[in-house]
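Trainee: Okay, here's the structure, questions in a sec.
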Amino acid sequence: LIPTNSVLQLKVEITPAQGEISVGESKFFLCEVVGDVKDIDWYAPSGEKILHTRPNISVSRSDETTSILTIYHANVDNAGIYKCVAKDGDKEAQATVKVKIFQKITFQRAPSPQEFNEGDIADIVCDVVSSPPPTIIWKHKGSLIQATKDVRYKIMENGHLQIRGIKKIDEGMYVCEARVMARGEIDFRTMKVIINVLPTIRARKSEVNATADISKSALLACDADGFPEPTVTWAHNNVVLETGDKYSLNEDGSELLIKDVKKVDEGDYTCIAKNKAGRKTEEVSLNVFMIPNITYFNNKTASEFDEEVTLTCEASGDPTPTISWRFGNRVFTEGEQASWTRPDKYENADRNVVVLSHARVSSLTLKVVQFTDAGRYLCTASNSIGEDIQPVYLEIHYAPKIMGVVAVYTWEGNPANISCEVVAHPGASVTWFRDGIQLPSGNTSNVKIYSTPTNSYLEITPESQNDFGSYNCTATNMLGSESKEFILIQAEVPSSPEIQQVVPFSSTAVVEFEEPYSKGGVPIIRYKVEWRLLGKEWNSKEYNAEDGMTRITITGLKPETTYEVKMFAINGKGEGESSLASTFKTKPVREPNAPKLEITAVKGGNTFKVKWIKQDDGGSPIKHYLLRYKAKHVSDWKPELRLPPASEYAMLRGLDWNTDYEIHVVAENQQGKSEPSVTFFRTAVEPTTIPDTREGGSGLGTGAIVGILVVVFFVLLVAVDVACFFLNKCGLLMCIAVTFCGKAGPGAKNKDIEEGKTAFTCSGNVLPGGDLKEDPGHAGGTMSLTWPGNASGFSWRCWPKWLGRGKSGPLCFSCCPRDRTPDKWMEMEGWMDMIPSLFSTKC
């Protein structure tokens, strides 16, 4: 402040003497005058008098000697020297004040959050003003950013932070700090930086295959990543797809379900992933294949011996189907699929059938039509997806054709059918003739006619030789007629079979023979075999004839014995002549032949039935069969099973799954064991689920199970009561026996013993000459035994032992020489071997 006094009578003073104002703040200055004064005026730094009309500066007088200068919301333009001038007539005085306007630290723009795309050159905005200009520093996650140590960072002249190639790891909170050293002023702003990541997209399958027109759906899927989480949409032919009748999208849009796929749905589908960072796309191709479909075929009608007839079949499908033709067991095909420009041609071996294929069309041409060509032809269109089959019918009109066996054999009194098989289209009428006379005639009671759509049967029961001979069958339709002669021949008994050789065993013999060279016109129904010891009566047995039968087994023979055998063949007419007798001798008694084995899997897969067929027993009855088995990969056999001679099979249960087994079966007689019959089998793979053993949906209900349990419980009660009756003479049965049958109660036998009566018998086997008697000299049920052998005169004493409770139930004996106690007799030298031979230890 510099006071100036031009007139000593006036004095001006400004308070405060100097002023510093921050931009935007308001401040006033008081101008006081000492002395009388008329006018007090303020002058701006520009020298202009400050009037009351200034917008942010006002001047006001509070009294006669003071004036106030007020600066509102100061800005830098308001800085400078302000002058207060006081006047009173010719007297004047003034004072000045220097006003400084400074800018405090002000953050004009520091937005949060600020977003950038990964890889961009990021410019993190922080606009700060102050006077003097501030110093800017940056911090990230509490650490000072030093541009000199990381070339990616740069603090710009405007204070912004630049990060080149910004990454996801650069995301987080940043601090922009401003400092003015002259005033010691500091301020900061915190801002959040978000890094958006461009979506990445991956199709689960770049190509999806589907089949059209089978009401199936196709699923296209792609997975997208990015930040923020991208939204996924699908487009086809530049049209965005939305959920509806045709398409269905899952919640995040990653899966597109195309319903009821058609051929028109084929093509590329675009999976679009989009977020703030941008947009990515991926193509998924949908290949739609079509099961073959036969779209056209033609049935034809022709007459026999027409020059040519063609059947046509057309099919669609993708891949292009191959078309083949089938008639009965014959297959006609064009081979590899024909191209559009090169048709394929096929001729069958007899050159009568020609197949021509061109793209999706195939034709089958018969050059010369025969009646056997009539019927159903199957057109089959096939590709890698499937096939379609359509029958195509060829109808052929032709005159009758007669078939059937010309010669028929029978004998007097035996009815015979002569079959006239007629094929014709349209159908034919059939007439039978004998010597020009239509049958049946008035004087033929032994002739009958039966008809079916394709056969006419003439049944004749010959009464004499005159009924044998020729019969005529004539068939007629609108296209012509045909006749055929059939002959009814008198049948004969068969010739004799020829014995080739006899293979003898100990008790059986196998007769190998050839069939009779003449069967007499009718089938052989049985063979008769006769055999005998030389010079003895014949034994015989008949065997039913079977196709290809060339051997018969005779059983019940004696070992090491000479026999002779002969054979007869029997047909419907009767028994034929005998073959020449053949002599053979059976083998001596020996081990049996190995049995023949048959292995059958039982339902379940790890249970097998082993069946054996008895062969020659070696002249001695089979004592038993021995069966043993093991898994092939181990060396130890399972315990051997001994089975009675009448047994025919054994069941092997609980075998290991999916395992090879080896099994041996041996037959044993008094002479020894047969060679083992060996076979192998494999169990099934273990099922993943327990199979339902119920058939037809039936099974035991709860009531049935409860009923079975009640029955089982009742049977157990009865068994226990029966056991009590026989062992302890008690229970319900004992009560009934005593009450209604007069049977002695459980105490009766005990009473007899107490009275010295013999209440038991000895179940032992007494040696010849031995005699077991009651010993009257010993009470309590002892007995004496006399045996007159080399121990003649020795007396034995026996002690009864009751096996039931008390003194009841079965009885057992302990015996020893008199005057020896039971626990000492076994020690007597010489008696140890003799005593067991006197008595059985069984009770």
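Glycine too: its Cβ is placed from the backbone N, Cα and C atoms.
From TrEMBL, for reference:
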- 3-100: domain 'Ig-like' (DOMAIN)
- 103-187: domain 'Ig-like' (DOMAIN)
- 199-287: domain 'Ig-like' (DOMAIN)
- 292-390: domain 'Ig-like' (DOMAIN)
- 400-487: domain 'Ig-like' (DOMAIN)
- 493-589: domain 'Fibronectin type-III' (DOMAIN)
- 591-688: domain 'Fibronectin type-III' (DOMAIN)
- 704-727: transmembrane segment (TRANSMEM)
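If you look at the structure here, what lies around each of the features I listed?
Mentor: The domain 'Ig-like' (3-100) scores a mean pLDDT of 85 in the predicted structure.
Helix, strand and coil counts under DSSP for the domain 'Ig-like' (400-487) come to 3 helix, 55 strand, 30 coil.
Counting residue by residue with DSSP, the domain 'Fibronectin type-III' (591-688) contains 0 helix, 47 strand, 51 coil.
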Trainee: Look over the recorded stretches 3-100, 400-487, 493-589 and say which has the most C-beta pairs under 8 A to the domain 'Ig-like' (292-390).
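Mentor: Answer is 400-487, with the largest number of Cβ pairs below 8 Å.
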Trainee: Kindly report the helix/strand/coil residue split of the domain 'Ig-like' (3-100) according to DSSP, in that order.
Mentor: 3 helix, 56 strand, 39 coil
